[in-house]
Amino acid sequence: MGRRKITDEKTVKQIRGPGRKAKKQGEPTFPKELIQTKSTEKKKVSSRGKQRARKRLQKEELKQTIKKKTKLKTTTKRQSDDDDEEEQINGYTDENQQWLKPKKKKELFDNNGTEEEPMDDDVPLNDEFNEMESTSEEEEDDEENDEPKLDIEKQSKKLREKQRQVKERSEQELLTNIQQQEKVQFPSGQEITKEVPQADLQLLMHRIREVINVLNDFKNKREINRSRKEYIDLLKQDLCNYYSYNDFLMNKIIELFPLAEIIDFLEANEVQRPVTIRTNTLKTRRRDLAQALINRGVNVDPLDKWTKVGLVIYNSQVPIGATPEYLSGHYMIQGASSFLPVMALAPQPNERILDMCAAPGGKTTYIGSLMRNSGILVANDANKDRAKAIIGNTHRLGLTNTIVTNLDGRHFSEHMGGFDRCLVDAPCSGTGVIAKDPAVKNCKDEKDIQRCFTAQRQLLLNAIDSINESSITGGYIVYSTCSILTEENEAVIQYALNNRPVKLVETGLEFGVEGFTNFKGTSFHPLMKYCRRYYPHLHNLDGFFVAKLKKYSIKQGHKKESETTQKKTDQITDD
């Protein structure tokens, strides 16, 4: 049998109430501020809530006026059935009644506690009523959760409103200025001459941009009696005054670049290119060199993806040309654009290679490191003093396969030949390195350019003659200049194509602007697109030109032609 259930009252434990001490304690007391009942509580109304209430009152009054006017309409229609003209009061119709819904009114009190007075009987327009209707639902949703705002919230709201107004004003002013400046007033010749000695650079730049804007939309923005040539002449004169160029060089720049790039190119020439160094792979690796320079307080980074040996230096606590790493030949201070012709040449080990214009030896030592001190490398320069720099750099960087010569490159093929590859970094006008040498802006003229390209033609023809066209691995010539002018670049290559058995091939460089196949009415070889151009404002490099040629056979009579052309060019240079 199971256990017996205990039902005795004596056995059941009695539940006791609060003790004596608890009975003596009184009820808890609260401050008067917390004892306010719901009936006495008054909800504070914010300024935003008051605005919403005003709008609701306006809408209610508007509905009543519409209803009255619709009633008048119906009565007038019944009285005058014969009249076809229907008068609409303030543009409202009976369709408005479908979307007009009555809404609850709430009492609204001002700060003084007085009830808000109703608005006037003036009826707003349809668009205002529509705006009030569209915003009413959102306002009612927000009103339930509306709470009194802090001072900082009110201030931020005012600040945002001011910023919005300022932005609207500035946009409006900009639109008005654009409308006023659609047609630029062309200054007279006297005004131009007056402004030249006392030119305000800011006003001058403003006029340059205005003229470029007119030339971009010449049909609509020009003055009626002004030709395009007059605007270009004004632009050229202003650019010469602003950037301190002579007329000849500025005319070449305007012909070379589109109007949108002229200012970018000229501004890039006013800024120095970053300092770059090339790692000597015969003695160290780029990673080890970077770590060593960082330990000495040099801020250094890899140059770019297209080179595996270049480093860019932002700032340094020690002189870059006097570190132990530099003196021991771990790197060479060299511009990034100077890497490109050697990369296009692509020298191979155990080849015979000629560097015709080698001083001071940056490209020569790069070629030697790629050859891994094998084969024969001839470094030539016509200037004996500059040839000493080649000797110093080859010793410092540890090259053992280099022969330094001091011969005139225009007659080099008479002394030596049979090379697999040749690099011709020809002396030029320097129009691509204006940031390094600002004197180029004023000192170059047409005769200087003519002297340069005649010497460049002679150097390139002799380089081609010194190449062995039957070479298994080579037969290539790379021509490069630090100039941007077509007379020194595409025109020289075209001259070599017309007078020697060579053809243009791809340089193998991953980036760069293609060479010109047509320029100002002059047509060049279609394969001139294989050449590569580099500009300061596009690639952050010095202005450079690189072309690669392949020699394929020897034609009879070329030696006689070369002798006659050399005599003619010698006469031109002597004159």
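Just so it is clear, glycine is given a Cβ too, placed from its N, Cα and C backbone atoms.
Automatic, uncurated: that is what TrEMBL annotation is.
TrEMBL has this to say about the protein:
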ACT_SITE  Cys482  active site, nucleophile
BINDING   Cys357, Ala358, Ala359, Pro360, Gly361, Gly362, Lys363, Asp381, Asp408, Asp425  S-adenosyl-L-methionine binding site
COMPBIAS  1-12  compositional bias 'Basic and acidic residues'
COMPBIAS  45-57  compositional bias 'Basic residues'
COMPBIAS  65-76  compositional bias 'Basic residues'
COMPBIAS  90-99  compositional bias 'Polar residues'
COMPBIAS  113-146  compositional bias 'Acidic residues'
COMPBIAS  147-172  compositional bias 'Basic and acidic residues'
DOMAIN    265-552  domain 'SAM-dependent MTase RsmB/NOP-type'
REGION    1-173  region 'Disordered'
Taking helix as H, G and I and strand as E and B in DSSP, count the residues of the compositional bias 'Basic residues' (45-57) in helix, strand and coil.
11 helix, 0 strand, 2 coil
What whole-number distance in angstrom separates the two most remote CA atoms of the S-adenosyl-L-methionine-binding residues Cys357, Ala358, Ala359, Pro360, Gly361, Gly362, Lys363, Asp381, Asp408, Asp425?
20
Including all protein chains shown, what's the count of other C-beta atoms within 10 A of the C-beta of Lys363 (S-adenosyl-L-methionine binding site)?
26
How big is the gap, in Å, between the Cα of the residue listed as 'active site, nucleophile' and that of Lys363 (S-adenosyl-L-methionine binding site), rounded to a whole number?
14
For the recorded positions Ala359, Gly361, Cys482, the one whose C-beta sees the most other C-beta atoms within 10 angstroms:
Gly361
Lowest local Cβ density among Cys357, Asp408, which the record lists as binding-site residues, within 10 Å:
Asp408
In this predicted model, what is the average pLDDT of the domain 'SAM-dependent MTase RsmB/NOP-type' (265-552)?
94
